[in-house]
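Copied over from Swiss-Prot:
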type: ACT_SITE; residues: HIS119; note: active site, pros-phosphohistidine intermediate
type: BINDING; residues: LYS13, PHE61, ARG89, THR95, ARG106, ASN116; note: ATP binding site
Amino acid sequence: MAANCERTFIAIKPDGVQRGLVGEIIKRFEQKGFRLVAMKFVHASEDLLKQHYIDLKDRPFYPGLVKYMNSGPVVAMVWEGLNVVKTGRVMLGETNPADSKPGTIRGDFCIQVGRNIIHGSDSVESAQKEISLWFKPAELIDYRSCAHDWVYE
């Protein structure tokens with residue numbers, strides 16, 4: 001990984017998968033210039049989801065969130081690029097789709113907060129934790145994109 005790059009964890013939730021939005025979401029990250037370094041299609045276990053959402057365990061919506069995330073397959077991904085955590089969050093839109101601007105993923109494709117189709121790390125530290133939870137180090141593929149010099153100075 002280049003010195004000025006960081007990585008983020010992005011997961012397309014079961015509703016995003018069921019609605020056929022996987023390709024559109026990947027396309028947006030690729031077109032922005034970010035590099036995909038890992039991806040898997042998984043039915044996340046309840047234990048994995050409880051670890052992933054441990055910070056929310058005392059919130060009233062926690063049981064429903066774990067059930068929803070366990071209701072179908074998820075596309076788990078790691079993206080790399082300059083300021084990818086912050087920029088990725090902007091691309092996703094607000095957690096509540098009603099507050100998301102048109103042009104964002106949630107602004108374009110979501111209506112309710114309980115079905116907001118995508119998760120993105122909220123900090124570099126969270127990204128590192130989430131990546132290590134969902135992926136083994138050997139699953140992160142390091143390569144140089146032929147588009148790199150056309151995206152970065």
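Any Cβ shown, glycine's included, is placed from N, Cα and C.
The shown structure was predicted, so the numbers you read here are calculated from the model rather than taken from an experiment.
Shown on the structure are the features that Swiss-Prot records.
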| residue | record | Cβ contacts under 8 Å, 6 or more apart |
| --- | --- | --- |
| LYS13 | ATP binding site | TYR68, MET69, VAL74, ARG115, ASN116, ILE117, ILE118, HIS119 |
| PHE61 | ATP binding site | GLY114 |
| ARG89 | ATP binding site | GLY120, SER121, ASP122 |
| THR95 | ATP binding site | ARG106, VAL113, ASN116 |
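Other Cβ atoms within 10 Å of the Cβ of ARG106 (ATP binding site) number 22 in total over all chains.
The ATP site in the record is lined by LYS13, PHE61, ARG89, THR95, ARG106, ASN116, and its two most distant CA atoms lie 21 Å apart. Every protein chain shown contributes to the tally, and the Cβ of the residue listed as 'active site, pros-phosphohistidine intermediate' ends up with 20 other Cβ atoms within 10 Å.
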